[in-house]
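Below is one structure, written out as structure tokens, with a few remarks after it.
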Amino acid sequence: SVLQPCQPINETISVEKDGCPKCLVFQTSICSGHCITKDPSYKSPLSTVYQRVCTYRDVRYETVRLPDCRPGVDPHVTFPVALSCDCNLCTMDTSDCAIQSLRPDFCMSQRAP
């Protein structure tokens, strides 16, 4: 099969937060695809290997409102929408850099209808 390049794709994701009993599932644009990486056969303790991952380059932010949140809980959740993507180092502050993670549409709580 042909490896897809790093690019924005449409994906179903979920958002949820403490104090809101329901998870909201919807379509948005995320970065996905393959980046060329190198893994040297000789690893020196003095060398550092950097793996590049498919990550956001340009984004816009959108906000959704979660239903049935408790009084005093802000029902709004803001998330990035991928406009363009790039193969770059993974930034833990903004990206899921785990080797294995949950599906983007996984909900811990009940899904909102």
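Using the three backbone atoms N, Cα and C, a Cβ is placed for every residue, glycine included.
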Correct disulfide partner for C69 among C6, C20, by Swiss-Prot, is C20
Whichever of C6, C23 is disulfide-bonded to C107 when Swiss-Prot is consulted: C23
For C87, what is the disulfide-bonded cysteine listed in Swiss-Prot, choosing from C31, C35? C35
Out of C6, N10, C31, C69, C85, which of these recorded positions is nearest C107 (disulfide bond) by C-alpha distance? C69
Where N10 (N-linked glycosylation site) and C54 (disulfide bond) are concerned, what is their Cα separation in Å, rounded? 15
Measure from the CA atom of C23 (disulfide bond) to the CA atom of C69 (disulfide bond) and give the result in Å, rounded to a whole number. 11
Give me the Cα-Cα distance between C35 (disulfide bond) and C90 (disulfide bond), rounded to a whole Å. 12
